[in-house]
Amino acid sequence: MKKRKDKLWFVLFTFPLLFIFTTVVIMPFIFGIAYSFVKWDGIPANPKVFVGLDNFIQLFKDERFLSSAWHTVKFTVMAVISVNVLGLAFSLFVTTKLRVRNVARTLFFMPNLIGGLILGYIWQFIFTDVFGYLGQSTGLDGIFFNWLLDPQYALYAIVIVFTWQVAGYTMIIYIAGLQGIPDELVEAAKVDGANVWHRLTKITLPLLMPAFTICLFLTLSGAFKIYDVNLSMTRGGPNNATEMFAMNIYNEIFAYGNYGLGQAKAVIFFLVVAAFTLTQVVMTKKREVQY
Amino acid sequence: MRKTSMLLLEILLLVLAVIFLSPIYMMVVNSFKNRAELYENALALPTSFSFQFYKEAMQKMNFFTAIGNSLYVTIVSVLIVIVLASMTAWMLVRTDNKLSKIIFMTLVATMLIPFQTLMMPLMQVMDWIRTNLHLPMLNTHEGLIYMNVGFASGMAVFLYHGFIKSIPIDLEEAATIDGCSKFGVFWRIVFPMLTNITITVAILNVISLWNDYLLPSLTLADKGLRTIPLSTFYFFGEFTIVWNQAMAGLTLTIIPVVIFYMLAQKYIIKGIASGAVK
């Protein structure tokens, strides 16, 4: 009797969320895999034709897709490094005894609350207009020109904006990690004659590994899935030079109406994101040390 | 010697922080300048303060409607996520069997799926529900809220789950013996103990939902339904860019975020830190 009642409570408590979750995540995921084997233009009246693995063969011959994958990899490598270097540097700065540390922390974190789309528009103004002005007035037009019109520099511009957005976020996580390191350890090393650099590289950084695991995971998956900043900064231009994974998928499906092919790309996208992030977590977890 | 180097460091850090926020400065100062002034010097302070561009931007963006829409969608979504996810997580922790574990693992594992993998089939599912069950899932705020809840549930249950595991079961058992129903036990005893993690869940979701662009852009078609990111996007897409007006529009969209940050800074930073540590 009691058991049956418990079961009823279980269903009552969990069913609403699980129902919504199933219709929003699980069903689309399963249907998504099915759609990737189909050729369809998205118009309900038109037939969905089963084509087997054709979409997957086709996407590996799609040069625009492959180059968007390559842009994403380049972008991700640059972004992960710059976000984490800057975030870590910020966190070391604001955990010192400096009086301005609280103000600095507040300011460093601020951009993270503003959405990628709006950040991208602010920076679009800076790269097109302010940079033009700076180039003219300083004569340094080798640095200050419209970055968004240059295929190479446009990608760097997105790296800068992404770093600006996310560095403060990783800073918060690194701060939490730094505060978790017992003072005695650092003090003991000081007594033993270790200088600032040694204390940092031999004690602080190894003990920060758990924070690295989290930050690398968040920045890796965030950079790989970048869309909003990409859209508002360049829309993939110039000449598709900055079109990244997520945008290529969006365009294939909703701009060109190749629903099956686009969904096959989306499935590959999922596999790549999962493989990269899981590998990273396993690798960095191994290097976490105990004290 | 030590004192001067400390002072130098203080200044260095402050300068670094100010440079870091300089894009915001550029945005704000140029939102007041007229065309000639803007092209003459993009970095200088404006010589006169005219709110003309703000007025124009507000009109073109339908600013107050968009703010209202964003507030409605964000607040209702977050409240539903908190209620449903906390209840689910509690049941999953307190019911120690295989089914609970499978449900929990599924919720956590799906957090890895990128939105782009789900967006097209999701639209098909919602369209099917709309045509066959006659529920307005597309082009309504309520439909968007429904989908927001679905996407946020994995992360929210995960956070609640970790927190609930660490609180002792004794109190709940005592209340059960006293004849409290499960519903009563949860809402009167357990939920008040979850305040810290509830704040974290709320803040993480407020930030991501307020700024979300892609899902609303796929579901909301009517002009009057647009949220802030959507109206910003169309503001930039529909009109040729007039920079001073555009900067005024962007400044407007950032004002609510700054107010939120000033009011809840302590909780936001704590929430981010505890939300990330697994």
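Cβ coordinates come from backbone N, Cα and C, glycine included.
On a predicted model such as this, the values are computed, not experimentally measured, just so you know.
Residues or ranges marked as domain 'ABC transmembrane type-1' by TrEMBL: A:69-280. Taken from TrEMBL, the feature transmembrane segment applies to A:12-38, A:75-95, A:107-133, A:153-176, A:207-227, A:266-283.
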Contact between the transmembrane segment (A:153-176) and the transmembrane segment (A:107-133) (at least 3 Cβ pairs under 8 Å, separation 6+): yes
Tertiary contacts of the transmembrane segment (A:12-38) (same chain, 6+ residues out, Cβ under 8 Å): 48-53, 55-56, 259-260, 263-264, 266-267
Non-local residues, at least 6 beyond the ends, that sit with Cβ under 8 Å of the transmembrane segment (A:107-133): 90, 94, 144-148, 157, 160-161, 164-169, 171-172, 226-233
